[in-house]
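*Asks:* Here it is, the structure in full.
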Amino acid sequence: MAAAAATAATKGNGGGSGRVGAGDSSGARKKKGPGPVATAYLVIYNVVMTAGWLVIAVGLVRAYLAKGSYHSLYYSIERPLKFFQTGALLEILHCAIGIVPSSVVLTSFQVMSRVFLIWAVTHSVKEVQSEDSVLLFVIAWTITEIIRYSFYTFSLLNHLPYIIKWARYTLFIVLYPMGVTGELLTIYAALPFVRQAGLYSISLPNKYNFSFDYHAFLILIMISYIPLFPQLYFHMIHQRRKVLSHTEEHKKFE
């Protein structure tokens, strides 16, 4: 579940649309890119997703200017947030049919972790929707996704501005911890309401002889951040050094 905030930075190594140009300098990958029809589709997909997250960003700014407060801004962008984040499920299909050379399993984990947070936590536990922690991860996701989908679009067009590449491999240093903090605080805020309502929990006895405690499940998800966060974060730091140093070396030779 820690991948929910790391998606933007880790997906470039496998998991979304336009992964061919996601910072990998492997000549083999570039030669084995998608065909013209698939490339055109991926460009359109990434342009639409970039525009969608820009709509969310503009919605946040407009709501803030209208209210004069950052509290409860979630309600102003709830629908587009759900729509475009759920739209990322197509990225799993892209990997499954082979137009993007990424792991279906890894991509599924990354995408579903965010979809889970949006629908199974924020949507299902309405009491947390006014929490500032929701705004924290929404802002982190919004900036991240605008950069990520822009990165994929320009990469597919073989015209990637350095500023976008730099932003993709630099801003996560702040955005990843910011997103993770927002996610954890949101899940934590949901716990008492989940327990009180028995949300998504299954008690014994029942004909299937099966029980499930959603409250305990959310706690396990929070605990999973402890080993996953540092591993993913330092992996991304390593990727940043590798990708940006390679770019600088390439510029010197030019």
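Every residue number used here counts from 1 along the chain in the order it is shown.
A Cβ is built for glycine as well, from the same backbone N, Cα and C atoms used for every other residue.
What Swiss-Prot records for this protein is below:
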type     : residues : note
COMPBIAS : 1-10     : compositional bias 'Low complexity'
TOPO_DOM : 2-41     : topological domain 'Cytoplasmic'
TRANSMEM : 42-60    : transmembrane segment
TOPO_DOM : 61-79    : topological domain 'Lumenal'
TRANSMEM : 80-97    : transmembrane segment
TOPO_DOM : 98-107   : topological domain 'Cytoplasmic'
TRANSMEM : 108-125  : transmembrane segment
TOPO_DOM : 126-130  : topological domain 'Lumenal'
TRANSMEM : 131-146  : transmembrane segment
TOPO_DOM : 147-169  : topological domain 'Cytoplasmic'
TRANSMEM : 170-187  : transmembrane segment
TOPO_DOM : 188-217  : topological domain 'Lumenal'
CARBOHYD : Asn209   : N-linked glycosylation site
TRANSMEM : 218-235  : transmembrane segment
TOPO_DOM : 236-254  : topological domain 'Cytoplasmic'
*Asks:* Count the residues of the topological domain 'Cytoplasmic' (147-169) that DSSP assigns to helix (H, G, I), to strand (E, B) and to coil, and report the three numbers in that order.
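*Replies:* Taking each residue of the topological domain 'Cytoplasmic' (147-169) in turn, the totals are 17 helix, 0 strand, 6 coil.
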*Asks:* Could you give the mean pLDDT over the topological domain 'Cytoplasmic' (147-169), rounded to a whole number?
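*Replies:* Reported value for the topological domain 'Cytoplasmic' (147-169) is a mean pLDDT of 97.
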*Asks:* Including all protein chains shown, what's the count of other C-beta atoms within 10 A of the C-beta of Asn209 (N-linked glycosylation site)?
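*Replies:* Other Cβ atoms found within 10 Å: 7.
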*Asks:* In the topological domain 'Lumenal' (61-79), how many residues does DSSP call helix, how many strand, and how many coil?
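*Replies:* Result for the topological domain 'Lumenal' (61-79), in helix, strand, coil order: 13 helix, 0 strand, 6 coil.
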*Asks:* Treating G and I as helix alongside H, and B as strand alongside E, what does DSSP give for the topological domain 'Lumenal' (188-217) in helix, strand and coil?
*Replies:* 14 helix, 2 strand, 14 coil
*Asks:* Could you tell me what the rest of the chain brings near the topological domain 'Lumenal' (126-130), counting residues at least six beyond its ends with Cβ under 8 Å?
*Replies:* 71-72, 74-75, 78, 186, 189-190, 193
*Asks:* Determine which residues of the chain contact the topological domain 'Lumenal' (61-79) at the Cβ level, with the cut-off under 8 Å and only residues 6 or more beyond its ends counted.
*Replies:* 122, 129-130, 132, 134-135, 138
